[in-house]
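Below: the structure, in structure tokens.
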Amino acid sequence: MSVFNQSRSNIIRLIFLGLFLIIIVQLFNLQVIQGKYKQLAMDNAVFAKTRYPDRGIIYDRKNRPILNNTIMYDLVVVPKEAKKTDTFGLCEILGIDTAEYNKRIKEASFKNGPYRPSIFEDLLEPQLQARLDENIWKFPGFALVERPVRVYPFNAAAHIMGYIGEADSTIIKRSGGFYHMGDYVGRNGLEAYYERVLMGQRGVEFLLKDNKNRLVGNYEKGRYDTPAIRGRNLHTYIDVELQQLAEKLISGKLGAVVALDPKTGGILAMASGPNYDPNTLTGPNKQKNYGRMVLDVKAPLLNRAIQGFYPPGSTYKPLGALIGLDEGVITPASGIGCTGAYYGCNKVVHCTEHWQGHSANLRLSIAWSCNSFFSDVFRKTIDNPEYHSSRAGLIQWTNYMHKFGLGHRIGVDLPSEIGGNVPDTTQYDKEYHRSWNSCTMVTIGIGQDKLTVTPLQMANSMAIVANKGYYYIPHFVKNIENETEKDTLLKKYREKHEVLTHIPNDVYDIVQEGMQDVVDHGTAQVARIPGINMCAKTGTAENKTVLDGRVIQLKDNSMFVCFAPREDPKICVAVVVQNAGFGASWAAPIASLMVEKYLTDSIRAERLPEIKRIAEANIIPDYFERLQYKTDSVRAYKWFNLTHDSDYIKKYLPRRSAKKENRAPAPVAMKPEKDKMINENLYAKRSTTDKRNP
Amino acid sequence: MNNQRNPTISKGVDSTLIWLYLLLVAIGLMSIFSVTYREGDDVLRSFLNFKTEYSKQLIFFGASLLLGLFILLTDSKFFTATANIWYAFGVLLLLLVFPFHSNVRGTESIIKLGGFNLQPAELMKLFVCLALAKYLSRVETDFNKTSSHLMAAGILLLPALITIAQHETGLALVFFAFFLVMFREGLPAGYLVIGFSLAVLVVATLLVDKNILAVIILIIALLTIYFGWRFTRQRRELIIIVSLVTVTCVGVQRFAVPFIFTHVLKGYQVERIFSLIGRENPYAKLNTVKGDDEPVDKKGKDTDYNVRQSKIAIGSGGFVGRGFLKGTQTRFEFVPEQRTDFIFCTIGEGFGFLGCLGVLGIYIFLLLRIVNIAERQRSVFSRCYAYGVASVFFFHIAINICMTIGLAPVIGIPLPFISYGGTSLLSFTTMLFILIRLDADRQMVLR
């Protein structure tokens, strides 16, 4: 009947075809024209996971690992799967309450989402880890996950090795995107200096994730993955036993010990006091320990061997003699008639020796450390007629000092080295309005005035004397594993620095003989080791500090430099003990023990009590207690002003109770997170305080 | 006529349709497989253990084939004779949903029978198809009369309204596809014009501010009167008609659409419509329809999450696709309802534009084949039925694919023969095989 409607079948066909055409156009648009969807799908499903390689190991000269890797465990939770966990059991093992448990679960869900693992408690103590490992089946959703951690098997060389920490925003910015948030990076010491060598090469693994962000497998069976390449190991000159001895001897004191091999510039040991156990900065309590040390006014984190600078005192004298000899202003036979003081200038330079003839020649003057003689040598150097002016003379002297590696960073392979100070013409021009002469700075001749050096520089100066005119830049790393042409880090340590060219060997012998006399007959007889010819020089430098508006006269810094054996120098040692008195009292025995330990590989039994005596001695000046109290209370006050949280300031407020007598409580132990905030806010440049000290 | 006693069932059966059917089911099985299969699964064993979804689909396929065979063995007259009874039975089932519905997947349109979820609206498609064909093929029906139009419209609007009352608007829309059948049978084109205008009006309501739209309608009305004034003498009627139309339009725009959005559609459905056109839903807080907010797992993501992920999946396929089992979007469940409503993504991601073109080609071939078959029928019943089947298939295919590529709001209707699901496969198979049965008897005049 409706045959005449047949044409409508064509309309219906057209409707079908029309809509399909629209669909095809849209499909073409989505799949062929718009390219963005492929990337969007990749972003959805592929997760580029960074694989961190093991960091390189640092070995000592006898291939003992000083810095190694180990595995610690994090307790990790997937919040969504932890619903049926035995909450009470877990809380009991961890020693937390249910409220804390719920808080952490909530944090974890917030941070990484309920379907992905987040850290519940990191770096578990070994016993805790063992207990959890046994019971982990009771806690579905929880797992123990390995985490590589740095470990210091000898508990030594904290200042040298440094530590690693998460990269902060400055490091990330400076690296130009090389580091990312959460990457670990060497923050100090060799860990930082050799970061690129130790870190190895990070790998990337492309993983597939599903709609709930769970990782479900490798993308394309790992075809695009790059493997992580293990960091390369470092072999150092350090003798770990010598290092441990140095740390033992300097503990409880402010100061530094540096021992190096003059032939190579390799540093055998470097210790700074007060020191700390490097493992305290890797384990579970690292935040707390770090916070405590940062707030300590004695600055245990400071490496005084390269960051503490001291007037060298008499230890400068052999250098002064060498400059004079090289310049030709004195000869080994030069002498001066000293009767207890140098009267060449307006100000009198006193000398400790009064008897006639102690400064008859160079050797005697060194042996008796005659202040008059070396003041005279210095003035002769400055007023050298060859240069026609004392300005040119001072410039010449400054050049020598710079060549010796003084007055600027010597270039040791540690970050944040300090250069010390060698005064030059600009400094005196500024201070004396360009009117100065050799008398203005005459005490430089005896290592005073504006001259400051670091203990490392002192040790290096000894190497110049021991080597008879050359040195290698002091450094720790002997070689890098699989070293190639591209490793330029060690290049500068293999260059010989010839600094004195005009002095014949027999003249060096005279200087060295004078220094040997110091040990054999002079001020450093305590340092004598039978059978070893040791050359040495003691030093003492006055120092003062200002506390509560008053100037306090502190005990002198005790200093000692030496090298041995004289015939074939194998070790140079420089020791500084702050506020310890004469150079011979503390510094000399420390250096002597170091030399004995290194050269004979042991220490005679009769000296063991001496080690004990020195190690147990605490020569930290009393005023630190007061200083600590002051800085703590000031910090508490600033904290109060910042946050109106009276927790910390309370104990510093005067009270009528008996507590008033307790004027100087121990450093306040604050909660780690608060410590961190305070550090960041107020004590960003904490390490600078020590510079004012000596 | 006597030949009908011939025992071979293959006689007159359109093998093309059967091949297309088998091809589509195979594509479906493969797509479901590629979504569910995990690396390392034993393919053969998991295909036969009846636990995985592709294995279950295989069972449904077997059941469908059995049912198809059974249908081919029945007499064509059975369908004409019982069409109205089926329809009555279907309406009864639909009404039974109200007291007996179970809250599966947040819908109110399912009766639970033991372990089987029966969705009467799904069956109703078939029954309406039969009943409409029956009505239109009656000798006494004169499809030039308006009363017949109303009667025919009533046949499909009754189940549509009941389904809307069950808040299954998506399913209800399927019934409107039968207007195509009526159009073929001589429904005046004016109806389609009115229907189209109404659709334009509703879309305009969504896109344009309601006051501006009212002014626009008024301007159109005045212009109509102004131009109509010269061409007609019955100016009074003109004014009355235009005024009535204007009032209706404004009524629809002011009251009907907001009413539907707040009282008929569920909140999430309104959200989907507005997310499709990229507007904020102004009725969000006014919605009074009860029931679960969203049947699929929302995971706190915004409403167009499904469509966005679906578009990413299809778009990432590119021209030639990422390869079988290589698609990350579909294999890691980024697209919700992956196996059922959004199965097309799997094809789009795995086989790209070419693969989509292939599947669309098969579908259009199927639809045009059905139209051709319809046109070769001697009996009006068979023709109407065939058009009904074509309309339902077309509606499903078009809406389902458009929804995956962001051209239509998300309505939960399956892709025929490809989507996972026993009910949909069985009902589509039944529809197709009844058509094949009727076509085999195309020389007969069925009443």
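Here the Cβ of each residue, glycine as well, is placed from N, Cα and C on the backbone.
Heads up, TrEMBL stuff is auto-annotated, nobody curated it.
These numbers come from a predicted model, not from an experiment.
Long-range contacts of the transmembrane segment (B:18-37) within the same chain, counting only residues at least 6 positions beyond its ends with a Cβ under 8 Å from a Cβ of the stretch, are 43, 46, 52-54, 57-58, 61, 64, 324-325, 327, 330-331, 338-339, 343, 346-347, 350, 359, 362-363, 365-366, 369, 415-420, 425, 429, 432, 436. Look at TrEMBL and you will find B:18-37 (among others) tagged as transmembrane segment.
Taken from TrEMBL, the feature transmembrane segment applies to B:58-79 (among others).
Counting only same-chain residues 6+ beyond the ends of the transmembrane segment (B:85-104), those with a CB under 8 A from a CB of the stretch are 110-112, 117-118, 120-121, 123-124, 126-128, 130-131, 155, 158-159, 162-163, 166, 292. Under the heading transmembrane segment, TrEMBL lists B:85-104 (among others).
The transmembrane segment annotation in TrEMBL covers B:116-136 (among others). With a cut-off of 8 Å between Cβ atoms, the residues of this chain six or more beyond the transmembrane segment (B:116-136) that come close are 79-80, 82-84, 86-87, 89-91, 93-94, 96-97, 102, 104, 109-110, 143, 151-152, 155-156, 159, 163, 166, 168, 171-172, 174-175, 178, 181-182, 185, 380-385, 388-389, 392, 423-424, 427, 430-431, 434.
The transmembrane segment annotation in TrEMBL covers B:156-182 (among others). Cβ atoms under 8 Å from those of the transmembrane segment (B:156-182) belong to residues 90-91, 94-95, 97-98, 101, 107-109, 119, 121-122, 124-125, 127-129, 132-133, 136, 143, 149, 191-192, 195, 264-266, 269, 289, 291, 384, 387-388, 390-392, 394-396, 399, 411-413 of the same chain, restricted to positions at least 6 beyond its ends.
Look at TrEMBL and you will find B:189-206 (among others) tagged as transmembrane segment.
Annotated transmembrane segment per TrEMBL: B:212-231 (among others), in sequence order. Beyond its flanks by at least six residues, the transmembrane segment (B:212-231) meets 204-205, 238-239, 242-243, 245-246, 249-250, 253-254 of its own chain at Cβ-Cβ distances under 8 Å.
Within its own chain, the transmembrane segment (B:238-261) has Cβ neighbours under 8 Å at 198, 201-202, 204-206, 210, 213-214, 217-218, 221, 224-225, 228-229, 232, 270, 283, 286-287, counting only residues six or more beyond its boundaries. Residues or ranges marked as transmembrane segment in TrEMBL: B:238-261 (among others).
Residues or ranges marked as transmembrane segment in TrEMBL: B:351-372 (among others).
Annotation comment: TrEMBL describes B:384-411 (among others) as transmembrane segment.
The annotation transmembrane segment is assigned in TrEMBL to B:417-438 (among others).
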Folded-back contacts onto the transmembrane segment (B:384-411), same chain, C-beta under 8 angstroms, at least six residues removed: 79, 125, 128-130, 132-133, 136-137, 169-170, 173-174, 176-181, 184-185, 269, 272-273, 275-276, 306-307, 310-311, 314, 341-342, 344-345, 348, 360, 363, 366-367, 370-371, 373-374, 377, 419, 428, 431-432, 434-435, 438-439
Closest-packing stretch to the transmembrane segment (B:58-79), where packing means Cβ pairs under 8 Å, from B:189-206, B:351-372, B:417-438: B:417-438
Folded-back contacts onto the transmembrane segment (B:351-372), same chain, C-beta under 8 angstroms, at least six residues removed: 14, 16-17, 20, 23-24, 27, 314, 317-322, 324, 344, 386-387, 389-390, 393-394, 397, 401, 418, 435
